[in-house]
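K.L.:
Following this message is one structure expressed as C-alpha cells.
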C-alpha cells in the first residue's frame, strides 16, 4: 500500500543514464538557475535530455522522413525510431549541445523528434539545429516543412509514442500547454522528464511564483509524483521519488 511521497537526491552516474529494453535516457546538459545579485536577475538554462531507441545506429543516408499519410499517430510512431531530444536549451548553449550530442554518437541530422516541454527560450532556443526532425512543442505537432497534425493530447489522454514511452499534458508552469515525457521500465524505474513542472529538487519555496497556473501545476506535480521513480527537472539535477509504505491495521 502506498503512503507518503518524498524526494531525495539521486546518487550515481552524471549525466543520468537509464536504460531499458526499448530506450536509454541520457541527460545531455543539466539545467540551472543562478541569481545574479542584481535585482531579480537570474542566469538560467534548461535541461536537455536524449531518449535513444535501443540498438539505434546513425545512418542518415537511409533515413525516411515521417509521413502524414496515417495521421499524427503514425507520424509519431515513425519519428520515435530515431533519437528523441527533450528540450534544446537556450541558443547560448548551441556549441555545448552539439558537443554533448556528439559524445553519444548523434549528429543533429540524426534527431527524428524534438519535444519542447514548453515555449520558454531556455528550453526551445535551439530548434533551428533540427530542421529535419518532427517537432512536438507544447501541444503543437508538426512534420519537417511545417505540416501540423492534430493529435488529441490532453490531461486525460496521453500520446503513446512507443512501448513504455509517452507524452503527458502537464499544465501549469508555462500555461495550459506544457508537456512531460514518461519513459517506463528503465534501470532506474519510471523516468519522467518534466521541463519546469519541477524546477529542481526542493523547489517548494519557489515554483508557485514562477507558475502561470499554480493550481494546474500542483495537479501536474502530484500526478508525476504518483508514477515517477526519477524526475528530470528543468533547472537542476535528476532526483529520486520515494514512496513510503503504510502499515495496515493488521500489521
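Every residue gets a Cβ built from N, Cα and C, even glycine.
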K.L.:
Per Swiss-Prot, which one of 196, 205 shares the Zn(2+) 2 site with 122, 123, 235?
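P.N.:
Only hit among 196, 205 in Swiss-Prot's Zn(2+) 2 site, alongside 122, 123, 235: 196.
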K.L.:
Write down the one residue from 151, 173 that Swiss-Prot lists together with 118, 120, 196 as binding Zn(2+) 1.
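P.N.:
Among the candidates, Swiss-Prot records only 173 at this Zn(2+) 1 site.
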K.L.:
Within 8 Å of the centroid of the Cβ atoms of 122, 123, 196, 235, which other residues of that chain place their own Cβ, given that this set defines the recorded Zn(2+) 2 site?
P.N.:
31, 33, 44, 45, 46, 47, 87, 117, 118, 120, 195, 199, 234
K.L.:
Let me know how many other Cβ atoms fall within 10 Å of the Cβ of residue 196 (Zn(2+) 1 binding site).
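P.N.:
There are 30 such Cβ atoms around residue 196 (Zn(2+) 1 binding site).
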K.L.:
Given the Zn(2+) 1 site residues 118, 120, 173, 196, which other residues of that chain have a Cβ within 8 Å of the mean position of their Cβ atoms, reported in sequence order?
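P.N.:
Apart from 118, 120, 173, 196, the close residues are 46, 117, 119, 123, 174, 178, 195, 197, 234.
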